[in-house]
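K.L.:
Structure in structure tokens, see below.
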Amino acid sequence: MPQDAAARPEEREDCIPAARLQASGLSLQPSAHRDGLRLAQQCLYQFLAFVPPSNGSERKPGTATLMLDTQHPLTLLLNGSVADGELCKIQYHFGEFGNYSLVVKTLNTSTKSVSCVLVINEDPINSYLPILFAFLVYMGILAVLIVRRLFMKIDPVRNWVYKKLNPRETDRLINSEPGSPNAADPISSDPAPQLWSSAPRQRLRSLDTFRGLSLIIMVFVNYGGGKYWFFKHESWNGLTVADLVFPWFVFIMGTSISLSLSSMLRQGSSKWKVLGKILWRSFLLILLGVIVVNPNYCLGPLSWENLRIPGVLQRLGLAYLVVAALELLFTRAGAESGTLETPCPALRDILPYWPQWVFVLMLEVLWLCLTFLLPVPGCPRGYLGPGGIGDFGNYANCTGGAAGYIDRLLLGDKHIYQHPSSNVIYQTTMPYDPEGILGTINTIFMAFLGLQAGKIILFYKDQHKRIMSRFFIWTIVMGIISAILTKCSKEEGFIPINKNLWSVSYVTTTSCFAFVLLLLIYYLVDVKRLWSGAPFFYPGMNSILVYIGHEVFENYFPFKWKMQDTQSHAEHLTQNLTATTLWVVISYLLYRKKIFWKI
């Protein structure tokens, strides 16, 4: 199915096939195939073009020129008159910016049989070359930084560089009395700057690295991702790179909750004081979220008519409030130190907190009941589809099922997202918010799984093998649950993976990836210290500032400029990578200046 060019005027369809048909009164219709065998969400065929009569002349056949979407394989259906019905059907995955001709010839006028042949007039381009070039450039920069770091470990080189950077201080040390400065001296015993210090790090850099990696991918995706389909959110069921980063951010927020609350309570803060901080931070996140997703400030502070209420920061604030309050409420003395006895030592990071698990599982039961049992007017019970032209157009106004209905009922049509990703392929007309009310329940579940990762780090402090083995076990458990829920398929599972719905399978799948990614980063950064976490560590230390900053300044130079060819992947990729890299540089400079924005 083609994208709606009227709804997305900034993007041109990439493939231009022409139909040359030696017959009269024919129409050409497409339908998208995800796997080449069956229709995605059983979509209706969409009318593309009417081919004019050929006037009986073979030298001047009727022709029609049109543009198609190239993201997915398509099925082109050629129809004659109403009585003739279907004449031919071709399944094909067109290449980007290619030019094709569908040549249709009448073989037998009495039987009205035709032949359809697809001819490639102009080969499609290789749209992945810009990604390869960008990858090589960044790998080259990384290689230079690695070589620089290796050279800085050589004492003569390090001393020479430090002398050039700080000539007066170096001369003072050389001309001072013999002997090394002692602990009381104002001069550090290590002549190298703090950046080159190999002293043990108290803070777990892996957590900030994980957070920064998720944030930088999120920034790149939000800026456009080079206009590649796999850097955009999936239209409905399925998973792309863009669908991974938000749940990862939620996950690592839950991990940080466990560590930060434990630290505050150990320092003697009362639970009431900590609760006040939790409430205040949640309020600020929600308030900032409402401001960020409603940038038309010139309409005035009282222009509530089209105010979008849900959003990313709003959902983060609600998930933080519930999970942090839950952790604070059921914290038990002696649990983290291991002095609290449990009937099963292997589950000592779970059993002491069984009330939390009961609460979270009750939330999941609530999500399941509302999703599959709530009656939605005009829609089948338990509907999980995109609506629009999906499901043969039978449920056009049922986008999101119960999730969409709850948002429209409680928030109103004008206060939720008006352009969901489902309208790209399924041409939905109903507003639907991917950060709506019902999906927040599973966001809380995702944050709670991150909280569990934080407890593992606390309970098995400095026991690296135990920590990594627990992460691996959770990876396997979440993977098995996902396999059962989805039946290892995209469309056929009990509960498909769906970012728009924040389905349970979406949470278990992305948390599976989160546990294994955290395991790898923890091993490389905090266990073996083979990697400092740079450059992702720096935006991870200033995540709120980078997220809000990239949203506010998205349309300003140097983060965006007028392009010569708006259809070029190379130009889009250059612009999006430049903007993302600038935020990494900004976060690094803020880190060096010790400027951090915490709420």
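A Cβ is built for glycine as well, from the same backbone N, Cα and C atoms used for every other residue.
As listed in TrEMBL for this protein:
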DOMAIN    203-326  domain 'Heparan-alpha-glucosaminide N-acetyltransferase catalytic'
REGION    172-197  region 'Disordered'
TRANSMEM  128-147  transmembrane segment
TRANSMEM  210-230  transmembrane segment
TRANSMEM  245-266  transmembrane segment
TRANSMEM  278-297  transmembrane segment
TRANSMEM  317-335  transmembrane segment
TRANSMEM  356-376  transmembrane segment
TRANSMEM  437-460  transmembrane segment
TRANSMEM  467-485  transmembrane segment
TRANSMEM  505-524  transmembrane segment
TRANSMEM  536-553  transmembrane segment
TRANSMEM  573-591  transmembrane segment
K.L.:
Can you say which of 210-230, 245-266, 356-376, 536-553, 573-591 has the most Cβ pairs under 8 Å with the transmembrane segment (505-524)?
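P.N.:
The stretch with the most contacts is 245-266.
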K.L.:
On the 0 to 100 scale, where does the mean pLDDT of the domain 'Heparan-alpha-glucosaminide N-acetyltransferase catalytic' (203-326) fall?
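P.N.:
That region's mean pLDDT is 89.
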K.L.:
Who are the long-range neighbours of the transmembrane segment (437-460) in its own chain, taking Cβ under 8 Å and residues 6 or more past its ends?
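P.N.:
Counting only partners 6 or more residues beyond its ends, the transmembrane segment (437-460) has Cβ contacts under 8 Å with 204, 247, 250-259, 262, 310, 315, 318-320, 322-323, 326-327, 335-336, 338, 348-350, 353, 356, 360, 363-364, 366-367, 370-371, 402-403, 406-407, 410-411, 466-467, 470-471, 474, 478, 500-504, 506-507, 510-511, 514-515, 518.
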K.L.:
Determine how many residues of the domain 'Heparan-alpha-glucosaminide N-acetyltransferase catalytic' (203-326) DSSP places in helix, in strand and in coil.
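P.N.:
Helix, strand, coil within the domain 'Heparan-alpha-glucosaminide N-acetyltransferase catalytic' (203-326): 89 helix, 1 strand, 34 coil.
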K.L.:
Residues sitting near the transmembrane segment (128-147): Cβ under 8 Å, six or more positions beyond its termini, same chain?
P.N.:
226, 228, 569-570, 573-574, 577
